[in-house]
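Quick look at what Swiss-Prot annotates:
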type	residues	note
SIGNAL	1-28	signal peptide
BINDING	H179, H181, E291, D310	Zn(2+) 1 binding site
BINDING	D183, H184, D310, H355	Zn(2+) 2 binding site
BINDING	Q232, N318, L319, L320, T321, P322, R323, R328, Y417	sulfate binding site
Amino acid sequence: MSRFIRASQRRTLLATLIAATLAQPLLAAESLDSKPASAITAAKNAEVLKNLPFADREEFEAAKRGLIAPFSGQIKNAEGQVVWDMGAYQFLNDKDAADTVNPSLWHQAQLNNIAGLFEVMPKLYQVRGLDPANMTIIEGDSGLVLIDTLTTAETARAALDLYFQHRPKKPIVAVVYSHSHIDHFGGARGIIDEADVKAGKVKVFAPSGFMEHAVSENILAGTAMARRGQYQSGVMVPRGAQAQVDSGLFKTTATNATNTLVAPNVLIEKPYERHTVDGVELEFQLTLGSEAPSDMNIYLPQFKVLNTADNAPPAMHNLLTPRGAEVRDAKAWAGYIDASLEKYGDRTDVLIQQHNWPVWGGDKVRTYLADQRDMYAFLNNRALNLMNKGLTLHEIAAEVSKLPGELDRKWYLRSYYGALSTNLRAVYQRYLGFYDGNPANLDPFPPVEAGKRYVEAMGGADAVLKQMRAAIDKGDYRWAVQLGNHLVFADPANKDARALQADAMEQLGYQTENALWRNMYMTGAMELRHGVPTYDSRGKSEMGRALTPDMFFDLLAIRLDTDKAVGHDMTLNWVFEDLKQDIALTLRNGVLTQRVGSLNPKADVTVKLTKPTLDQIAARKLDLPTAIKQGTVKLDGDGKKLGEFFGLLDSFSPKFNIVEPLE
């Protein structure tokens with residue numbers, strides 16, 4: 001068996017969960033309600049207060065400096081739905097940490113609550129806290145140069161509106177995408193017109209490889225990343241001291257909003273490039289393969305300001321993000337930071353970033369960058385040192401408990417976003433892969449089969465529950481969660497197993513310093529108690545319009561149901577008349593491949609259309625039969641083959657189970 005369970009089991013599970021909400025909290029029927037911090041958790045969090053310099057308020061001064069207009073309200077979409085809500089986090093302000101939150105994380109969450117329009121210096125502004133990312137606004141001779149357009153059209157418009165309430169209204173003459181993550185380009189269409197970009201009226205700068213990586217990350221593995229991203233950001237969890245408080249580099253992600261993408265018209269290809277736009281001097285430093293595959297820093301010589309994008313935020317970053325992505329190169333990352341320090345350190349008075357707040361003062365900037373460099377170099381070198389001594393990825397994570405020397409006491413290197421243990425595992429994965437070399441781990445059972453065997457070996461469900469309760473009583477929540485995971489995957493209808501595992505996950509969430517870990521624990525606990533939320537807050541995405549035809553067919557190859565497609569061999573020619581581009585698709589052995597710039601003379605059918613027509617069909621604004629009837633799609637050959645082909649495609653839903661077997 002796999003992680004899948006039958007629909008009948010799922011119905012039984014739902015019935016038992018409903019019944020459990022009516023039950024008394026007896027030992028045999030664990031409560032589904034959220035719990036307070038245990039005495040063990042409260043004591044552990046109190047201990048944190050003794051070990052970190054909480055009297056140091058320098059970062060609060062840095063975060064508040066230059067504040068023109070605070071923001072603590074909501075952003076809504078055209079339908080009146082809430083997209084962004086800073087008001088939900090006001091419980092954090094001017095209060096000591098609750099015992100259900102690690103005090104260090106509470107400290108970071110309070111800093112991320114400082115939102116609004118800020119003046120970095122005359123003619124240079126930032127909007128922070130209206131989106132996961134910052135919008136940096138530079139006033140040129142006659143217009144504005146923007147660095148990053150935030151995640152959504154709605155938040156981008158709101159950020160620019162806030163700026164215009166306090167500064168002269170000038171046209172946007174240029175946009176810079178610092179890198180290929182959606183929170184830095186997804187709002188573009190909300191504030192610039194694509195026609196102006198195509199006409200050259202607005203310059204859009206981006207690092208080399210931007211479109212390939214922006215689209216591949218958000219489209220090809222998009223559904224899986226989106227679902228895992230719900231766990232990482234805690235977006236489905238309520239806000240509060242017993243729920244979601246922060247995401248380390250920002251508060252959470254936007255909901256009910258529109259992701260867009262306007263293709264750049266200026267690509268930065270050289271390691272260092274200088275451009276001047278509307279009197280604003282921009283010096284770009286390519287940092288490909290650092291925090292993103294397509295990435296760059298921006299130096300502003302007129303201001304003596306270095307913008308390190310997401311390459312040196314005031315928290316440890318992820319070498320392998322929990323939502324899923326390509327593993328990042330810590331050695332290269334450290335090298336890029338050192339190159340920035342060497343080239344710009346003596347010429348920089350202020351360091352700004354596309355998350356969080358600035359670093360003020362040249363000496364502090366130089367120390368900050370050196371510390372950031374040392375941290376990523378340590379992660380790489382220490383993991384390699386230990387793996388060459390024979391330690392495996394989990395052993396390495398257990399061996400290294402803190403950063404060396406003074407690094408461990410620097411607020412801006414704490415594990416609020418990336419975590420020390422997961423980053424060390426990521427380095428291991430980069431060099432050696434997921435397999436630890438032990439043949440016992442070469443071909444493990446999948447979770448359902450493993451769970452059943454473990455439960456049987458331990459003497460049955462009651463014996464496992466007894467062990468879980470004993471572990472919880474001792475504060476050994478990690479062990480309780482591991483035991484519970486086996487039991488839930490063996491028997492997802494076991495309400496006591498679900499409740500106990502949720503309780504243990506919740507206590508781990510209360511204890512962790514890492515915001516993403518907390519969000520994942522809280523989301524897991526919520527879904528164990530109540531199931532996967534049925535509502536959809538994803539909003540709309542216009543990312544599909546940015547797909548080139550070959551990217552679109554890559555996506556179809558992923559969506560193809562191989563089991564259904566076997567025995568349906570065919571060839572399909574596609575002619576994009578506006579692009580002057582031909583593509584031949586071959587379906588063979590249940591596998592779809594393509595040849596760009598080629599047509600098969602023996603194709604079953606040839607499809608002629610334009611890229612805008614494909615965009616409409618892909619967005620489900622136009623169906624294929626209507627397009628054929630209208631003449632916007634022309635067929636030559638056996639048209640039934642086209643319908644047969646589309647009938648072989650899967651659809652994906654970002655509501656699949658994670659903490660229990662798939663349905």
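Sequential numbering from 1, following the chain as shown.
Using the three backbone atoms N, Cα and C, a Cβ is placed for every residue, glycine included.
Among the binding-site residues listed (H179, H181, D183, H355), H355 has its Cα nearest to the Cα of Y417 (sulfate binding site). One way to see the shell of the Zn(2+) 1 site is to take the Cβ centroid of H179, H181, E291, D310; the remaining same-chain residues with a Cβ within 8 Å of it are S178, S180, H184, S290, A292, D295, A309, N311, Q354.
Between the alpha carbons (Cα) of E291 (Zn(2+) 1 binding site) and T321 (sulfate binding site) lies a span of roughly 10 Å. The binding-site residues in question are R323, H355, and the one with the fewest Cβ neighbours inside 10 Å is R323.
Ranking the binding-site residues H179, D183, H184, D310, H355 by the distance of their Cα atoms from the Cα of R323 (sulfate binding site) places D183 first.
Each of the binding-site residues H179, H181, H184 was scored by the number of other CB atoms within 10 Å of its CB, and the largest score is that of H184.
In this structure the C-alpha atoms belonging to T321 (sulfate binding site) and H181 (Zn(2+) 1 binding site) are separated by 12 Å. The shortest Cα-Cα distance between L319 (sulfate binding site) and any of the binding-site residues H181, H184, H355 is the one to H181. Cα of D183 (Zn(2+) 2 binding site) to Cα of D310 (Zn(2+) 1 binding site): a span of 11 Å.
It is 15 Å from the Cα atom of H181 (Zn(2+) 1 binding site) to that of Q232 (sulfate binding site). Looking at H184 (Zn(2+) 2 binding site) and D310 (Zn(2+) 1 binding site), their Cα atoms lie 10 Å from each other. Spacing of Q232 (sulfate binding site) relative to H179 (Zn(2+) 1 binding site) is 20 Å (Cα to Cα, whole number). In the three-state DSSP assignment, the secondary structure recorded for D310 (Zn(2+) 1 binding site) is coil.
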